[in-house]
Amino acid sequence: MAATSEGPLFAASIEKTWGSVVRSPEGTPQKVRELIDEGIVPEEGGTEPKDTAATFQSVDGSPQAEQSPLESTSKEAFFHRVETFSSLKWAGKPPELSPLICAKYGWVTVECDMLKCSSCQAFLCASLQPTFDFGRYKERCAELKKSLCSAHEKFCFWPDSPSPDRFGMLPLGEPAVLISEFLDRFQSLCHLDLQLPSLRPEDLKTMCLTEDAVSALLHLLEDELDFHADDRKTTSKLGSDVQVQATACVLSLCGWACSSLEPTQLSLITCYQCMRKVGLWGFQQIESSMTDLEASFGLTSSPIPGVEGRPEHFPLVPESPRRMMTRSQDATVSPGSEQSEKSPGPIVSRTRSWESSSPVDRPELEAASPTTRSRPVTRSMGTGDSAGVEVPSSPLRRTKRARLCSSSSSDTSPRSFFDPTSQHRDWCPWVNITLVKETKENGETEVDACTPAEPGWKAVLTILLAHKRSNQPAETDSMSLSEKSRKVFRIFRQWESSSSS
């Protein structure tokens, strides 16, 4: 009876509050929802009513509840989700479960093989059990691909409005966008200057990058820079070194860009499709390759007469300012300290280091380094009888120090060359063929027969060269630019010969 009496009282109160507006039975449910929303909204700190989708997102506790309609259409948010798929958390997955597809439906990685929706906070375990049954493996992959849509909560918007497919593809149907992005990457890479990695001519031959192709790309970049009057000061500063231009051109063609233009930041390059970051200090750089190249072309030192008339061969390898400073500091250090920094054994402070030398060598040692007696000297790794061999003033020790300087001056020689294609992740559109095929099947781009079985960077190269040929002006500066390209490739070949020798 109490329940039946509350109904008329509630209806009467609503009618008293809203008057003739509530008398329509069609408007009553909507007004009740508005009354309920007005009681819930102040808890979120607002005073205006919100729509139903925003209410569900706030109840779910998503920190981006108000931006949920824009999250699926935001390219920046899309690649933020892609960046969470690191190699440690997401490895060994087929192409249909690539991070680009998972991020398309709002998923991020929180643990190894564990996905989480960025909106409804639902979890999805995407582990693939090792099995020798290929049929079961394909079934599990198909199940996980279907779960990318079905594993969301009931009111989540991702299954109905995922991110556009074009976010995970290269804009092959928009040459203007390709050229603009190509130019931006090129300019950012030129800021690294001599810190750019050295490229191996064998890799360029494998990529079918000929001298004419690089020359045409450099000419295209030069033409595009002429259309940007505001960037002329920057381009005049960036266009001083041909080696830097050619290397930056090849890297930007393969999708690489400088991570940060701050001078204090580390030399990092990034692919903004697979979000891979590569530190250039692990590869041979242009600066070190140029010094090795100049050394291989006859810039070696003549023998310097050493102690007792023996010649000492100190390498005269062209050095960077930092190495020149290090070499000058090494020249002022006494032989005793040189011996201490070479030996891996424990250091023992001894004030009678001159006792191990012969009486004939003692005056020469004291004249060469008066402070050697107070320097710490390393203990020899053998018995005390071999102390005479480890004398700092002996010619043998000075020759070893020369070899140490030689190895330190060419410390980048064992570093590998940078391969602009193999450094991408295997699902990256720049090196992946599948996504380029999907571009044709979906009809979003109209690329004829240029990319039926080509990686993304090669499709971009074909489009850029076609655009350059279609807009080819009269023969003005093409010959001079072609000469620049041939000069750069001669330098590439010289680097290869110097590194192999």
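Counting begins at 1 with the first residue displayed.
Just so it is clear, glycine is given a Cβ too, placed from its N, Cα and C backbone atoms.
Keep in mind that this is a model prediction, so the values were computed, not measured.
Quick look at what Swiss-Prot lists:
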- A2: N-acetylalanine (MOD_RES)
- 21-73: region 'Disordered' (REGION)
- T28: phosphothreonine (MOD_RES)
- 54-72: compositional bias 'Polar residues' (COMPBIAS)
- S62: phosphoserine (MOD_RES)
- S68: phosphoserine (MOD_RES)
- T84: phosphothreonine (MOD_RES)
- 102-156: zinc finger (ZN_FING)
- 302-421: region 'Disordered' (REGION)
- S320: phosphoserine (MOD_RES)
- 326-338: compositional bias 'Polar residues' (COMPBIAS)
- T332: phosphothreonine (MOD_RES)
- S334: phosphoserine (MOD_RES)
- S337: phosphoserine (MOD_RES)
- S343: phosphoserine (MOD_RES)
- 350-359: compositional bias 'Polar residues' (COMPBIAS)
- S353: phosphoserine (MOD_RES)
- S358: phosphoserine (MOD_RES)
- 369-383: compositional bias 'Polar residues' (COMPBIAS)
- S369: phosphoserine (MOD_RES)
- S380: phosphoserine (MOD_RES)
- T383: phosphothreonine (MOD_RES)
- S394: phosphoserine (MOD_RES)
- 395-401: motif 'Nuclear localization signal' (MOTIF)
- 406-420: compositional bias 'Low complexity' (COMPBIAS)
- S482: phosphoserine (MOD_RES)
How do the residues of the zinc finger (102-156) split into helix, strand and coil according to DSSP?
20 helix, 12 strand, 23 coil
Can you tell me the mean pLDDT for the zinc finger (102-156)?
91
Reading the DSSP string in three states, the entry for T84 (phosphothreonine) is coil
